[in-house]
Amino acid sequence: MSGRSRYATAILGPELAAKLPEVKVLLVGAGGIGCEVLKNIVLAGFGHITLLDLDTIDLSNLNRQFLFRKKDVKQSKAMVAAKTASAFNPNVHITPIHGNIKEAQFDVSWFKTFDIVLNALDNLDARRHVNKMCMAGNVPLVESGTAGYLGQIQPILKDRTECFDCVPKPTPKTFPVCTIRSTPSQPIHCIVWAKSYLIPQLFGEDEDSGGELDDAEKQGENAQEIATLRKEAQAFKKVRSALRTASGNDEDAAKTAFDKVFFSDITNLLSMEDMWRTRAKPTPLEFDGIKNGTFSLEHKQIGSSSQVNGSSSKQPADGALVNGSTAGGSAATERILKNGSSAASSSKAGLKDQRALTLQDNLELFVESTNRLALRLRNGEDTISFDKDDDDTLDFVTAAANLRAAAYGIPGKSRWEVKEMAGNIIPAIATTNAIISGLVVLHAFHLLRKTYGKLRNVHLQFRPSLPLSTINLSQPNPQCGVCGDTYAEVLCDPSKVTLGQIVDGILGDGVGDDDGTGKREVSVYEEKRVLSDPDWDDNLDRTLESLGVTRGKFLSIVDEEGEYATIQVAIGELPANHPIDGNSLMLPYPLPLPPKTVKPPATPSLKRSAPDDEGDIEMTEPPAKRVRTNGDAPSVAAPVSPSKKRKLDEDGILLLESKDEELDDDAVEVIELD
């Protein structure tokens, strides 16, 4: 036993310690948690580690992602982390992959090659994807996440525990279209506008935004305002053309874009008087006036609170907006910071991305970033979208959001704050990441030992008296649309195999326990696309490739009667050694046999069914109601219901059984009714 493994063996036990060198683990994510987890599993002796991450290293990562250094900025996180961590234990083999976990090559067959998967992601969509792939491949998963001082880990085991999707996750915050496009009142509204509306309009695909406006109109938003927004969208075509066409003056295209969004659009909105009855009017911005220093904002009252569309706030003495740039940014941004306003130079203690920029500096940053993005389009990039680690797009969003905030009297945000808000960055603390990563590896040990009774959901809380809380694992949610489905994998050539072959092959003939459920009426989906249903089978004779269903995709076979659970069919590729003239479709054996769904008991109807034939109608006496007796007189059925008689009694009315009935009280008045 080597000195390196002696302590691990003493702690983990000889059985697990001997098993670890052969374990194949997939670690998804090489960020804050990922770096800590990688360090732990390397030192523990996990023999074969595959590390996958799409991201590159940013300067802001270095305070907590300790496997990276300043010289590594802009390089692949997976590649650098693997190289750094390999030195910790030469007996461990690390395979780094710079890629997207959702790529087709990382299909169910690929996931099945691992003994365990450890998630260290900060993206909800990617987390849900990994969760589904682990359910499909029946691979144990440990999910984790942190937010500031808070954190959690969740071990996931198919058919034994809840999966990641068993409990619905909160949907991301959204804002009404008209608020973002016309009446912002918070800094986040301006940032979302610049990131999700302005960048796609100027540098994205030339798409008609009418669909979004149609939806807003259906939801009851202001019709006049939406009509104005439609005109704005049409006017963007001229601006897009200017950005994609080289001109003698680089400033011309940027000025065209500025005048369109910060002057013309705001001027058009001001023409709708009803919109501004209860809110402060925005101020159209003038390009030349800001550039030469003669422009002033009317709604800014220096040194005092003023009515703005956000909350009342005090502005800096010189009317400057708080802004800045990140270190390591573009040369133009660095120049603006170095030669910027007196307010910027007076903030000697501030970091580069926290220094104040005047309205004039924001204009210069807008022009510089617009020109850089326009040059990228002219050099061959088809479209450009926002990326928090793309200096050009971050500079553009910072400048555009703060110019819009200035026009609406809303406090601006620093470039660092814009990056956090636009990039949905959750504050991270190195200590929290270290604690959570340790818990991840401890639960990985339990999964490898198969000591499932010791698994727990663990939460790191902001409570000094009880920093860690554990919760027993819950059973899978029977209504979950991920772990509640039945999974199967087919290997095929999508260019030759038809949709009908897949459906018929998976359903089988139902003769034996291994031969599927047999033919039945089903609908087939690929994500949200309907490919076939009992009344529309045009696609059954088409190949999977022609339908866009290729490696890594799932086909959902849904029982029309709701008798069986849904079958999720994962599409994989044929083995490399598969004969050229061999069968182009390899079905799983045994065929999937989904469980029958449990339907809630039917509530008995209170209505009687109508007879089929009038001749079957049998006249019967109505059921006897409460009987009133009078001394020794025989019982007679009451002609009214008890509730009605009780109401009459309360009103002082006595209902007689017959006209011959006598009353002892002569003062009673008798009324005869026909």
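Just so you know, glycine gets a Cβ as well, placed from its N, Cα and C.
Keep in mind the model is a prediction, meaning the values are calculated, not measured.
Annotated features, as they stand in TrEMBL:
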- Cys163, Cys166, Cys480, Cys483: Zn(2+) binding site (BINDING)
- Cys178: active site, glycyl thioester intermediate (ACT_SITE)
- 184-419: domain 'Ubiquitin-activating enzyme SCCH' (DOMAIN)
- 304-313: compositional bias 'Low complexity' (COMPBIAS)
Cβ-based isolation winner (fewest other Cβ atoms within 10 Å) among the binding-site residues Cys166, Cys480, Cys483: Cys480
Cys178 (active site, glycyl thioester intermediate) and Cys163 (Zn(2+) binding site), Cα-Cα, nearest whole angstrom: 38
Pairwise Cα distance for Cys480 (Zn(2+) binding site)/the residue listed as 'active site, glycyl thioester intermediate' [Å, integer]: 35
Cβ-centroid neighbourhood (8 Å) of the Zn(2+) site, Cys163, Cys166, Cys480, Cys483 excluded: Met135, Glu162, Phe164, Asp165, Pro476, Asn477, Val482, Gly484
Fewest-neighbour residue among recorded positions, criterion Cβ within 10 Å, set Cys163, Cys178: Cys178
Rounded distance in angstrom between the Cα atoms of Cys178 (active site, glycyl thioester intermediate) and Cys483 (Zn(2+) binding site): 39
The domain 'Ubiquitin-activating enzyme SCCH' (184-419) [mean pLDDT, rounded to integer]: 74
